[in-house]
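Database features (TrEMBL):
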- B:12-39: transmembrane segment (TRANSMEM)
- B:51-73: transmembrane segment (TRANSMEM)
- B:85-104: transmembrane segment (TRANSMEM)
- B:116-138: transmembrane segment (TRANSMEM)
- B:212-231: transmembrane segment (TRANSMEM)
- B:237-258: transmembrane segment (TRANSMEM)
- B:270-287: transmembrane segment (TRANSMEM)
Amino acid sequence: MMRLIVLLLLTLAGPLRGESIVLGLSQDSVSITATFEGSDILIFGAVSRDAPAPQDTGKLGVIVAVAGPDQPLSVFRKDRQLGIWVNADQVDVRRAPSFYAVATSGPLDEVLTQTEDLRNAITIPRTIRADGATVENSAAYTEALIRIRTKQALYQVQEGGVDLEEDTLFRTAFRLPANLLEGDYLARIYLTRDGRVIDEHSTVIPVEKVGIERWLYNLAHVQPILYGLLSLVIAVAAGWAASAGATLLRR
Amino acid sequence: MQLYLPIAEISVNVFLILGLGGLVGVLSGMFGVGGGFLITPLLFFVGIPPAVAVATSTNQIVASSFSALLAHLKRKTVDLRMGSVLLAGGLVGSSIGLVIFNYLRALGQVDLLVSLFYVVFLGIIGGLMLVESVNAILKSRRPGAKRTRKHHYWVHNLPLKVKFRGSGLYISVIPPLLVGMLVGILSAIMGVGGGFIMVPAMIYLLGMPTKVVIGTSLFQIIFVTAYTTMLHATTNYTVDIVLALLLIVGGVIGAQIGTRIGLKLRAESLRIMLALLVLLVCLKLGLDLVLQPSELYVIQATAP
């Protein structure tokens, strides 16, 4: 709450042109600890103006989009061959966000025009770049990608998920699931009038493994031989302890 | 309680994984099998990526086999020379298996490969075991029937004959080398120790006495799975040490319970139960291949 007030004060004090965004986050970074079960992230802010809100220029809209690091991936379609279902055709996706959530203050077609969506790559289908010229009906593959990731809560669309109060204060919350990929998450906030973007603001939310998770992950990738030996030592020690324990129990 | 696995990069329920390890431990204690052939598919079912499941279960097998081997070494039921020959074959096989595994992983077909291997081998082994133990029960009811055992096969007369004192055999090293190699390939692709195929091969193909079979196969399994773990850890970075630890702890506790249950049951009925269990896992994996999946599309991250 304190932050909101500070923001508001800043809003009133700053010399600004037209309408622009002032932003706050409930947390500046997300740490993946051993007991990480996902995280809620609250994005809030205000629309600052140097003049009273214009009355006749159309409806104000706020769109918040959070994107996880991009990944190259392949989407396979299973087909029956010789009686069994195998991965048959494949579409390579040059990049698709590992996580993507978009929330709007109203119905999507009201707060965002097609052209603006295309230009700014805001909705989920616009963020996916596939090179699918080789396969028939490659759109079905991207649709499947979105469908599967939506089911896993990795892709979220919340139309009306942004609370906009008196065309000035806005807030929205996202749920980051537990199977989160590390990296820099980009939060973008768009202010629109009649579907046209009039201001945008972005900020980075780093998501990182910390503590033992970080250490093990680094060890596995930087010193794989040491890591492999460590896992073997643990296994052998556990095996030995089990047999020693069993002997003790039998006595 | 949820725990985030650093390599698999998913969050799992600790008690679920401990329970899986425990369940497989109970079975391995009861039946004297490593349980790798159960742990890998079970890990698939709870959503662990196949590559991580295969690599991690080889690490878990090192632990469970090591404690069993210690007991066999104490009882001197390990033919070290035969074990070394099997091991030499196993290391070669494991390297070949990993090359195949990584090649198909790049093609996006690794899940299919692993499932097919499981269905074929579990089907064969489970079927043979069932037939054999039902026959054994029928024979034991018919007194006078005597078990005959052939002593020499043509494979034994290949060149490079060596004396295996522990097994009381004088045979060519080629058949054990090949058996070891086959098991090594299976270890890398299926994430199993391979005892379920090596033990019958040692008895029926090599003609080894039953009392040294288990100990000797454990000797081979430990080194081959340790080697496979290292290969997976250094080429794919897919060994999840936290997942392995959970499975090991569950398995150790389960094995103690299983051994006690096993002592109270008859050997023949134990074998029939194991055979049915193997066939059940085979059936489940087979159905997944044959029935139309509810989601026809599969996403797979490509290595950057």
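Please read every residue number as a count from 1 along the shown chain.
Glycine residues also receive a Cβ, built from the backbone N, Cα and C atoms like all the rest.
When each of the listed stretches B:12-39, B:85-104, B:212-231, B:237-258 is scored by C-beta pairs under 8 angstroms to the transmembrane segment (B:116-138), B:12-39 comes out highest. In summary, the transmembrane segment (B:12-39) does not lie against the transmembrane segment (B:85-104): fewer than three C-beta pairs, each 6 or more positions apart in sequence, are under 8 Å. Outside the transmembrane segment (B:270-287), and at least 6 residues removed from its termini, the chain residues within Cβ reach (under 8 Å) are 27, 30-31, 33, 37-38, 41, 115, 118-119, 122-123, 125-127, 129-130, 132-134, 136-137, 196, 262. Within the chain, the transmembrane segment (B:85-104) has long-range Cβ neighbours (under 8 A, six or more residues past its boundaries) at 54, 110, 112-113, 162, 173, 176-189, 198, 216-217, 219-220, 223-224, 227-228, 231-232, 235-236.
Taking Cβ pairs closer than 8 Å, the transmembrane segment (B:51-73) reaches residues 5, 7-8, 21, 25, 28, 32, 34-36, 39-40, 43-44, 101, 105, 110, 114, 187, 189-193, 214-215, 218-219, 221-222, 225-226, 228-229, 232-233, 236, 238-241, 243-244, 247-248, 251-252, 255 in its own chain, all 6 or more past its ends.
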